[in-house]
Amino acid sequence: MLLHLGGSRGKMGILLIRRVGLFCRSAHLSPQNLEYRPIKKVMVANRGEIAIRVFRACTELGIRTVAVYSEQDTGQMHRQKADEAYLIGRGLSPVAAYLHIPDIIKVAKENNVDAIHPGYGFLSERADFAQACADAGVRFIGPSPEVVHKMGDKVEARALAVKAGVPVVPGTDAPISSLQEAEEFAKTYGFPIIFKAAYGGGGRGMRVVRDYEELEENYQRAYSEALAAFGNGALFVEKFIEKPRHIEVQILGDKYGNVIHLYERDCSIQRRHQKVVEIAPAAQLDPHLRDRLTSDSVNLAKQVGYENAGTVEFLVDKHGKHYFIEVNSRLQVEHTVTEEITDVDLVHAQLRVCEGRSLPELGLEQDKIQINGCAIQCRVTTEDPSRGFQPDTGRIEVFRSGEGMGIRLDSASAFQGAIISPHYDSLLVKVIASGKDHPTAATKMHRALTEFRVRGVKTNIPFLQNVLSNSQFLYATVDTQFIDENQKLFNLKPTQNRAQKLLHYLGHIMVNGPMTPIPVKAKSSSVDPVVPSVSLGEPPMGFREVLLKEGPEGFARAIRQHQGLLLMDTTFRDAHQSLLATRVRTHDLKKIAPFVSHNFNNLFSLENWGGATFDVAMRFLWECPWKRLQELRALIPNVPFQMLLRGANAVGYTNYPDNAVFKFCEVAKENGMDIFRVFDSLNYIPNMLLGMEAAGAAGGVVEAAISYTGDVSDPMRQKYSLEYYLKLANELVKAGTHILAIKDMAGLLKPEASRLLIGALRDRFPDIPIHVHTHDTAGAGVAAMLACAQAGADIVDVAVDSMAGMTSQPSMGAIIACTKGTKLDTGVSMDRVFDYSEYWEVARGLYAPFDCTATMKSGNADVYENEIPGGQYTNLHFQAHSMGLGNKFKEVKKAYTEANKLLGDLIKVTPSSKIVGDLAQFMVQNSLSRAEVEERADELSFPLSVVEFLQGHIGIPHGGFPEPFRSKVLKSLPRFEGRPGASLPPMDFEALESDLRMAHGDEITPEDVMSAAMYPKVFQEFKEFTSNFGPVDCLNTRLFLDGPKIAEEFQVELERGKTLHIKALALGDLNKSGQREVFFELNGQLRSVLVKDTAAMKEMHFHPKALKDVRGQVGAPMPGKVVEVKVKPGQKVEKGQPLCVLSAMKMETVVNSPISGIISKVHVNANSSLEGDDLILEITE
């Protein structure tokens, strides 16, 4: 039972006498010599998790609690956990508020506080604060002011250590006051040296200097950090010990001279001298070394009369020698691991000792303190390890912790909706794992961290997981260079964060409307298509079985020997390219794919990839085209796939190095592509031969396609005569094509022309399969395809009925019905066609904003005059309406005809058709006739596509370039002869992959490399989009385009077995940052996202952002405040030269120049507050 003696503790003078008495006594006092005074109310002069940790201990002991908070901390959890909470530091900066001693003492006195716990950081090691408490008659839960002063002054602490016989690192005897003193120390002891803050710890004000050139900058930074963190910039200098272990000993003393240790902690895993992971006890520590460390710690504490909790820190070199660093006269962040292995509640002990209890009374005697198992603490921080542990700030959108047996969590700001401020430390939550030994504790910790879900700010959790999996960490010892020497720790597994990213996407649509461009104002249908029933089991065998067994040559023979007409279904590509602006999503293709596999196994092939679908998938649908190919291949294993390959242009609109085309075909074949329809927009044989060679080398079926234009049945049109096509076919067959195709892009083949052309080809090449493609723009497509079949074509292209006609392909049902019972019978069931068509009829309604019928109600036979390809016909119609030229579309078509003649009557297919279209729109917009264009060709500013065509960028057209038009347009511009890509150097895929990994992480695939090779800018934008908004391809099409309605409930399947249940709840009002909060219910839990209102933000002023693709724009690497701007406009800077200094979370970062050049504009000044990527300055090279 404790003794309760009367009287007060007395004034400071009496206290000093008692302290002096303690210093000279070897035996401790008995409890009767001092008064036991119970504490009834405790204030914590701190914030965050340490404040809550102390509050919890007080509550357990029946002590009332008081919190203080700054103006910036009104929403922090620590003020809510206390019984009372009071504002301090009104009008002061966030850190200064917690350093304002008068306010803190005032609150304590006004509210009858008995004792103040300082926590760690801030004022915890300030002797003047401990003295102020004593002067006010408020107990300081910690050592006496004298001891705080001696231990807080690292130089004086060092002298005491020497006096106590504790080994120390060579260093200055007193704080240095100038850079010159640091230079003299370095000359005496050599580099490396280390600056340390004389009045604080935690890595603040600590800088290692390895050579003279670094000395001045690091001195300034260390001084500035120390001043900001502790209110005093004093520094001292030590010789820097290379690769030591950082071992600290927990001590505990009472008012009677008793001091015990609670063993050691290993804090070697650090970055920027701040501890990241702490372990108790230290792994594989020599028992004799442990005895020396603990004995030295206790002796030093007894020499100074140490009272309450503290930590003695040491460096242990590779020879096992230990050196005293400092004493932290406070509770440490990592005190938790000591509590776990000793079963001693250190905060309870602090409070009881402050009340006057002795350690023996509390049962805390050295022989009773035992190590029980192992404990590990990980500091989960809001820092980005991939960017040098730069602090991240913002709002926590999702927080889910890891818990369970052996896990303890100490936190304060870790909850959904918490705002992570740049003003304070980045610590989010301390996770402590306990187990019977080190590997067991590490396993528990890894499991707990894996359970965490933190969204809205970046964290170091992936880095911590790598540490916990490291074999050196698990089975050997680590030193303070562990992080620097294990760069694999930074191979971070990216977090998926799919659910929250999808909520961001949906919220963006709800606030700002569709993210893909919408040609016309039409809403998607609210009705989803019903998938026809599919029988269980594997689909029946199809022609792909023949291809896989017999190879391309055997496959071609089987096709030629087949009885009846074969069909290629274009519904999965060219049909929706022609009718729906290529916007059909993988989501809707996958749903119907199993039905096609089971019921249309006798199709020659399914056209589902290549051409415009490749870039549109990334550009407008935010999908990976390769993933589409992979998923469809898995769902349709039995029907051959066909793609459109633009010869030497692959799937692009420009020239590529030859090895890029070969590599593309190789990767496409590996991902499931079977047949490569190779064409060139000008029928330019050198370009086609390259594509054919690439497809053949990849092991694909080569289908060389001759692009058709003109009319072989019209004797008046001789440029593209029957002989022209036969000659082309000769060259392609000679080059080894497996199948010969006629690609009628505009639907110009009339029945008579079909009989003439196909009949002549069949006579010339009796053993080669012939494949014909057309469009039904004029309405004669079915008749033309039947004529082709009767003339000897083996395969014709069709689209399912509801996706056929107009600018698409002829009707599948019509061809099947017309050939039924004849020698051309397709063998395809009409009933299955009806079911297939019904699905697409409803699905088409989902794409109403892109449907050509919104502006075009029928096909038109004028295509025989203007020769506009089907897909382009639709696009031009949309463009004319969007530009307000809907009533002038007739003029656009007429201009297209005239533009074609100006350019020499071209084969018109992408990209040549785009060139003609660009010139036509140029003529309409500028009210130019063909004659005026020819006359003024040398003065007009033509579209770039027209100029590049005339230069020879896409090859040489049949009959050559039009003169004198070409010469007048080009004037002195260079001209290219021969195959455009032949002179390009090979593409360096290894370098490209390396660049992509640097930009996007290690998850880059060979398919990603090819996407970037084909479309660098589009792929970059696609990766940025998916990084922000996640896998939007798993949303249904209406949600993808229009977003959900308020109160709508829906499900999203992320992958098999993982389904999100989402309900849209509400849209918030506009806030001062131009954002609206959008509320959802996700899997039964409230979620919200902040979305910038793009319309509102146009009327609001915001700091400009640095553009990542502009080399001279320097952005803030992290949110923070500008401490110093080191340059001014007009100044010349070199690459790597310091530009400015930022401070965030009490850490300073120097922003260096990425290039050499001249400062053109500075956008910040000292004290500017910045968000990440805010523009700091601009440099002109």
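Cβ atoms are placed via backbone N, Cα and C, with glycine included.
As written in TrEMBL, here are the features:
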type     : residues               : note
ACT_SITE : R330                   : active site
BINDING  : K154, E238, H273       : ATP binding site
BINDING  : D574, K743, H773, H775 : Mn(2+) binding site
BINDING  : R646, T910             : substrate binding site
DOMAIN   : 38-488                 : domain 'Biotin carboxylation'
DOMAIN   : 158-355                : domain 'ATP-grasp'
MOD_RES  : K1146                  : N6-biotinyllysine
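Here the features listed in TrEMBL are painted onto the structure.
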residue	record	Cβ contacts under 8 Å, 6 or more apart
K154	ATP binding site	K196, A198, F236, E326
E238	ATP binding site	V169, P170, G171, T172, I193, I194, K196
H273	ATP binding site	G203, M206, V208
R330	active site	P118, G119, Y120, S124, E125, G142, A309, G310
D574	Mn(2+) binding site	E607, G611, L644, H773, D797, A799, S808, Q809, G870, G871
R646	substrate binding site	G611, G652, Y653, F679, D680, S681, G691, T910, P911
K743	Mn(2+) binding site	R677, F679, A705, I706, S707, Y708, H773, V909
H775	Mn(2+) binding site	S578, D744, M745, A746, G747, G781, T807, S808, Q809, P869, G870
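For H773 (Mn(2+) binding site), the count of additional Cβ atoms within 10 Å of its Cβ stands at 27 [all protein chains shown]. The residues near the Mn(2+) site, meaning same-chain residues not in D574, K743, H773, H775 whose C-beta sits within 8 angstroms of the mean position of the site's C-beta atoms, are T570, D744, M745, T774, D797, Q809, G870, in sequence order. The Cβ neighbour count for T910 (substrate binding site), using a 10 Å radius and every protein chain shown, is 20. In the predicted model, the domain 'ATP-grasp' (158-355) shows an average pLDDT of 92. Highlighted in sequence order, G171, I194, F195, K196, A197, M206, F236, I325, E326 have their Cβ within 8 Å of the centre of the Cβ atoms of K154, E238, H273, the residues recorded for ATP, and are not part of that set.
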